[in-house]
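Feature annotations, reproduced from TrEMBL:
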BINDING   C:Cys109, C:Cys114, C:Cys149, C:Cys153  [2Fe-2S] cluster binding site
COMPBIAS  C:184-193  compositional bias 'Low complexity'
REGION    C:184-222  region 'Disordered'
COMPBIAS  C:211-222  compositional bias 'Basic and acidic residues'
Amino acid sequence: MPKVTVDGQEIEVPAGATVLQACELAGKEIPRFCYHERLSIAGNCRMCLVEVKPGPPKPQASCALPAADGQEIRTDTPMVKTAREGVMEFLLINHPLDCPICDQGGECDLQDQSVAYGRGGSRYGRENKRAVTEKNMGPLIKTIMTRCIHCTRCVRFSEEIAGVDEIGALYRGEDMQITTYLERAATHELSANVIDLCPVGALTSRPYAFEARPWELKKTLSIDVSDAVGANIRLDSRGREVMRALPRINDDVNEEWLSDKGRYMVDGLTRRRLDKVWIRKSGKLAEASWDQAFKAIAAAKPGKNIAAIAGDLVDCETMFAAKALLGAMGSTLLEGRQTGMDYDVSNMAAVAFNSTFAGIETADAILIVGSHVRWEAALVNARLRKAVKHGAKVFVVGPEWETTYPATFLGEDVGVLGKLPKDVSDAFKGAERPAIILGGAALAKGALAPALAFADKFGLVNDGWNGFNVLHMAASRMGGLMLGYAQAGGIADIAAAKPKVLLSLGADEVDYSAFDGVLKVYIGHHGDKGAHAADIILPAASYAEKDGTYVNTEGRVQYAEKAVFAPGDAREDWTILRALADALGVSVGFDSFADLQGAMFAAVPALGEEGLADLGALPKGDAKAKADGVITYPIKDFYLTNPIARASAVMQQCSAELLHGDDLAEAAE
Amino acid sequence: MSVLGKIFTWWDGATIGTLLNSWRTGEQVGTDAQGNRYFRARKTPAGTNERRWVLYAGANDASRVPPEWHGWLHGHFVDVPESLLPPAKIWEVEYTPNATGTLGAYRPQGALERGGRRAGASGDYESWTPDS
Amino acid sequence: MANRHTAPDTPELRARWGSFVFTEANIAKADKFIASYPEGRQKSAVMPLLDLAQRQVGEETDTQGWLPMPVIEYVAAYLDMPVIRVLEVATFYFMYNLVPVGKFHVQVCGTTPCMLRGSDELIAACKGRGMEKGKVSADGLWTLTEVECMGNCATAPMVQINDGNYEDLTVERLDAVLDALAAGGTPEEGTQEPGRHTSEPSGGPTTLKEMVTENHDYRGEW
């Protein structure tokens, strides 16, 4: 623990800390461009210069200098001031002064720091500025490379975090240019994070180009629902429209990254919206009023023959409100696993990501069964890459996909779980923190029991470590399971119960052909498969348009806030269900959102506490359990996995250009 | 125009009083391409400028007076345009009255009246219909 | 410097160089380079391998050689590294030609010492012979490049042509060298000043003259 003095203030810093970190610990702000906490140190912008004694009598780049015992660091001397001014002047030699037309304006590090640490003017005014051609980086990243200050954060991000070497710095010196190889589009699932990383306006968001200024946006804390990771996001809205989604820092969940889908599907919130009530009359959907719809549902006289299926994007409150309604009617026909999975949910710990995302980084042997992690949870994939960098071995059961780290594929048949090759079992026997990650495709093949047996066999649970993980794909899944949205036989049980009325809470992946003759009431926000199959459509709110509780695949309870109002006649889901209860003549016991939440917390106390829910201990595995079958991943197209993304023009473009671009080119030839 | 119309309206052409006055005190000096008739007073009291006026053929809209007659009306020219001004050049376009307030008024590109479309604004959304 | 750019990635380029592989001899050399680094660090050999590839391209085209994109991709695959990382190296160093050059790549040093000793005249002379900066001359023999310091300041001005340095040049001496090269000869490399061997003082030593023939003790004279 070295002791250093920063501006006369003596502090102790952790071993291995840099001078910059020491200054931050002392509460001093150090300007920087290239340095980033989550990336390797480059030391090429020179903005973080400070004076350090002992050492050479010149300013030192604090980001790349280890803090050593007895160092005397000054950040407030004239030398440091002139050094910063000098560096800033150099950076601005070639930087265009186009802030008024730059999308980074208002949230630009260069802008802020030139105000705080720069000179009033430049001595290079008479020289021509360098101009650099724009580079193609795909449909998400817009480049104005003349603005680039060569910090190389984007290069380091794609190499280190994303694990896809796509972006590089060509040429040298003043001519250095950041580009992708042959200007191909950046294709990985985290590519748009370089936009946040770029300290200037060189890489900006293409779909958001010239849309809004940061200071005119209302910022709302929300949770990403595009996958089961539950990334913490901030929805920036103007008026009634969500303009963009940005990641928030949460080291336990998403660090400070966000998958491209979570970031860019928000434009789907303004397309294909359900904004009025529809009732099917003689085979054709016709516009109707709320009253007519409620009367039509009441006329079906469901009694206790009413069922509910929850979609992938709904919040816990909606599911609880539906559960309360069904409970009042005397029904427990609830299901959330839309594709018909029927794994055992008697123990919640057996269906959660117990290692936690931060914990999986420390695993040293990981077996992935039936999960295309890159597509099902791109942020978890970044964690796995970190684990591999720390020396973890990764094995995958399932069809091959392009990993961003060395991994061994063990075949496509889930049966391999019972008879692992020797090198795999040796790796797990020797591992201190072994882990298994079970994907949805594996659960569908009944791999849960064999996986639990695997956990027993290799001691996946030991003191302070639980290596048994299930990686879900739907944001609503864990919350749904906690609220009892599961039948022993899955959705087939619901169909077999032959309900009179089926409430579909934004369920768009269900095969509705099993519910012929049932009055299907779709309560959702997007006109997708569910709406086309429905008999009555009640327009509801999307995740951006209501407060809600979400539980991610770790069992982490998180709250999202309402950013904007739902369009047209659409209402928040719980109000619809509350009104429906009146129409059906039952009492659900809540009249306000606070009442509803109170009732929900009383019923499932774990939901009342933000953070990891205590899901109990893992059940004993049955050593004889077996599963077999060839794994097929459920996600066929990363960019189009939910109704919002399917409605989004940006996601459609990404799908067409990034995933099917080669097909298109071939078709053109 | 009916006689009653002549008696009770004033916005098309001259009223009866003006017609009578023009006939009594004025003499016609010419007409323009639109048929507007131009008059001047027969007698001009000493020390005053000559009175000149126009009787419109149609709506009483001052912008219907073409520039050459405008100059004559306002006393810029001593004589009538035909005898004073050079003949019109072939590249001169025909004079048109001010179209403001009429259907022929100029509309900038993008104006709704010209079939323009409103630019997208935040809060716009596209609603779903069963046919989509 | 600023006119440095990669050759456009055209179908013709792919057709010409898409099937590029090292010759047997070069594979042996390449593997020797790779072997000089620890296992798993084969990427460290990227610079010698790029040089090797450039030379092989040179042999095939009878020029100094250059690095077409498919060749860079081949080197990347050979070293199991991302192409962009190889491209970064290839574009960084001026020794790697990114566009085709002539049989003789005339690199005139224009840095201060050479400039003071007359490099401007050399460049003018080169241009007078039909060379153009960054372009291959009509007869396919010459490409002119102005480079920064090559470290031969003591024998300035100098020109590097392919692998040979020609120093102490005047316009006449340079003409002689270029004529000899054009005629297929191999002019002597190094200083072109008669009587000078390497970078020793021109016209004999000016200090420590007594030391030329024998060991002399200067201490008494201090």
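In case you wondered, yes, glycine gets a Cβ from its N, Cα and C as well.
Structure with TrEMBL features highlighted.
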| residue | record | Cβ within 10 Å |
| --- | --- | --- |
| C:Cys109 | [2Fe-2S] cluster binding site | 28 |
| C:Cys114 | [2Fe-2S] cluster binding site | 27 |
| C:Cys149 | [2Fe-2S] cluster binding site | 14 |
| C:Cys153 | [2Fe-2S] cluster binding site | 18 |
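In the three-state DSSP scheme, C:Cys153 ([2Fe-2S] cluster binding site) is classed as helix. Long-range contacts of the compositional bias 'Basic and acidic residues' (C:211-222) within the same chain, counting only residues at least 6 positions beyond its ends with a Cβ under 8 Å from a Cβ of the stretch, are 204-205.
Helix first, then strand, then coil: DSSP counts for the region 'Disordered' (C:184-222) stand at 6 helix, 2 strand, 31 coil. In this structure, C:Cys109 ([2Fe-2S] cluster binding site) is part of a beta strand by DSSP.
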